[in-house]
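Here's what TrEMBL has on this protein:
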type     : residues : note
TRANSMEM : 16-35    : transmembrane segment
TRANSMEM : 55-74    : transmembrane segment
TRANSMEM : 86-109   : transmembrane segment
TRANSMEM : 130-151  : transmembrane segment
TRANSMEM : 192-210  : transmembrane segment
TRANSMEM : 241-260  : transmembrane segment
TRANSMEM : 281-306  : transmembrane segment
TRANSMEM : 326-347  : transmembrane segment
TRANSMEM : 384-407  : transmembrane segment
TRANSMEM : 413-435  : transmembrane segment
TRANSMEM : 442-464  : transmembrane segment
TRANSMEM : 493-512  : transmembrane segment
Amino acid sequence: MTTPRNFFLSLMVGDYAVFAALFVVSSGIGVFFAIKERKKASSKEFLVGGRQMSCGPVALSLTASFMSAVTVIGAPSDVYRYGASYVIFGVAYTFVVFLTAELFLPVFYRSGITSTYEYLELRFCKLVRVAATLIYIIQTILYTGVVVYAPALALNQVTGFDLWGSIFATGIVCTFYCTLGGLKAVVWTDAFQMVVMVVGFLTVLIQGASRAGGIESVWSTAHTGGRMDVFDFDVNPLRRHTFWTLSVGGTFTWLGIYGVNQSTIQRCISCKTEGHARWALYLNLLGLWIILFCAVVSGLIMYTFYSRCDPWSAGSVSAPDQLMPYFVMEILGAFPGLPGLFVACAFSGTLSTVAASINALATVTYEDFVSQCYRDLSNRAANWISKALCVVFGVACTTMAVAASYMGGIVQAALSIHGMCGGPMLGLFSLGILFPVTNLKGAVGGLIVGITLSFWVGVGAFIYPAPSNNTRPLELSTAGCNFNLTADGSNQTSVSVIIILRCLCLVFRYWLADSWYSMSYLYYSAVGFIGTVAAGLLITLLTGESNISLAHTDSNKTLRVIDCLTLKRTLVSLKGQCIQQKLMRTVISNKVILKGSYIHLFIHK
């Protein structure tokens with residue numbers, strides 16, 4: 001392309017028909033499960049599918065939910081600007097799935113809980129559970145706002161696709177099938193939307209590679225433009241993307257999303273067996289790799305296509321997140337229905353993420369608040385309350401989309417939100433599971449320190465953006481464009497309050513802005529995790545360790561500790577009363593040691 005376009009690349013009737021079909025099928029799945037499960041009026045059936053799901057659809061659902069429109073639109077743009085190092089996220093995904101499947105999943109699945117935060121009450125106290133639930137609710141609503149708003153805005157700016165119409169349509173459809181069909185509808189709709197995402201990506205890859213001159217041309221041009229310099233082993237934590245930030249920082253960020261996140265764990269515990277849940281995670285890893293590969297290659301093809309005339313520098317688009325929709329309209333605009341397929345691909349990611357978020361929010365609110373206040377609810381009442389919560393959070397997530405317009409690039413904004421909240425939550429659960437000595441004061445103090453540190457660096461980085469020598473965007477060319485740049489040599493964009501704030505902050509920039517606030521956004525989660533764990537253990541050391549007793553074994557025996565929250569519930573019920581205070585005596589029988597407010601089952605090999 002040599003001439004930039006400055007007008008809408010409009011969708012046609014066929015495109016809107018394909019897009020509408022996505023919403024119709026998604027809604028239809030919700031109606032199907034509403035009719036099929038109409039006689040199973042219980043909150044457990046609605047929220048966790050009766051714990052009878054198989055690994056296949058759950059794996060597809062997990063992939064679709066977390067490979068959202070942020071990936072479909074934002075990741076190719078990131079590769080276009082910064083290079084193919086984004087592919088190293090695949091290393092982080094591998095570590096994350098392995099740790100989730102082998103470390104966190106067994107604890108949650110065997111405990112029989114529905115809300116992951118119930119574990120925190122059983123391990124520490126109700127205050128910790130409530131605090132963690134509130135943090136999760138805020139985190140998820142914020143993240144969902146980005147996921148809903150970002151693709152709608154990008155498509156609106158490029159194609160004229162109605163902004164608020166698409167936002168409200170997304171919210172209404174997601175709320176509709178979540179409310180009608182519960183988790184089963186969410187999982188099977190996600191599976192369908194995952195297929196749409198892959199087909200949409202493959203369409204772009206095939207036609208894009210053809211228009212760019214073939215795969216060899218893509219490889220050669222990307223290599224010449226520096227996009228193939230994948231492995232940068234610089235250990236500087238201020239660098240935006242290096243091997244270490246993507247692999248180590250990415251692992252902490254995504255482990256907070258996968259390992260202890262209600263949305264993920266809820267679908268895992270909906271599986272009929274722990275084996276199915278573990279297989280769902282590993283099959284999901286394959287899906288993550290496939291989507292990641294498609295996103296990276298799409299970014300390289302897009303760079304090759306625009307290597308001589310960058311539409312962002314030329315003013316054809318006003319933000320990098322609009323590059324992918326603009327590219328799709330360029331290469332697929334002549335084929336009726338295909339641009340609509342990409343729109344459906346992007347919104348499939350949005351729908352799956354929003355639906356999973358609504359369902360998870362309804363679950364934690366019901367389990368952690370409603371059921372604790374009203375313990376004698378009938379199955380019918382509990383089911384209707386769960387549905388009503390889906391409606392409430394559907395409205396909340398849709399409304400929150402407005403605030404996402406102030407969050408900058410969608411990939412960095414989305415992962416920053418997860419990092420700032422997910423890191424401290426990961427640290428809190430790790431204190432409970434990996435460090436039996438941690439007491440209540442350590443858990444509360446560690447969580448406060450972790451949240452403070454992660455939000456300090458995250459909000460500071462938002463106000464004081466990192467200098468270009470840390471982000472290092474690669475060169476973009478306009479040498480082949482037939483146009484005249486504006487007087488300052490760049491495209492003009494509207495001035496917002498945030499831009500003014502940032503300009504003022506640049507004037508008063510101080511030393512923290514070029515050190516602490518310039519840290520890679522992928523390390524926000526690690527900061528929160530380390531702060532939570534370190535402070536939690538230190539406070540525990542100063543105030544006295546937990547009353548949990550560890551058994552002493554002979555040196556020739558291997559000790560294995562298995563979390564046994566279900567056993568605690570059994571013992572509590574046998575006593576005929578709820579244990580509120582700590583059991584100060586240690587009860588020792590062949591394999592069970594019970595002390596404090598927590599139980600470990602010790603098995604000798």
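Including glycine, each Cβ sits where the backbone N, Cα and C put it.
With a cut-off of 8 Å on Cβ pairs spaced 6 or more residues apart, the transmembrane segment (192-210) and the transmembrane segment (86-109) reach fewer than 3 such pairs and are scored as not touching.
Against the transmembrane segment (281-306), stretch 55-74 has more CB pairs under 8 A than any other of 55-74, 86-109, 130-151, 241-260, 326-347. Outside the transmembrane segment (241-260), and at least 6 residues removed from its termini, the chain residues within Cβ reach (under 8 Å) are 66, 82-83, 85-86, 88-89, 91-93, 95-97, 99-100, 103-104, 116, 231-235, 281, 415, 418-419, 421-423, 425-426, 429, 520, 522-526, 529. Stretch with the largest number of CB pairs closer than 8 A to the transmembrane segment (130-151), among 16-35, 55-74, 86-109, 442-464: 55-74.
326-347 is the stretch from 55-74, 86-109, 326-347 with the greatest number of Cβ pairs below 8 Å to the transmembrane segment (16-35).
In this chain, the transmembrane segment (55-74) lies apart from the transmembrane segment (442-464): fewer than three C-beta pairs between them fall below 8 angstroms, excluding pairs fewer than 6 positions apart. Among residues of the same chain six or more beyond the transmembrane segment (442-464), those with a C-beta under 8 A of the stretch's C-beta atoms are 120, 123-124, 127-128, 131-132, 135, 408, 416, 419-421, 423-424, 427-428, 431-432, 501-502, 505-506, 509, 512-513, 516-519, 521, 524-525, 527-529, 531-540, 543.
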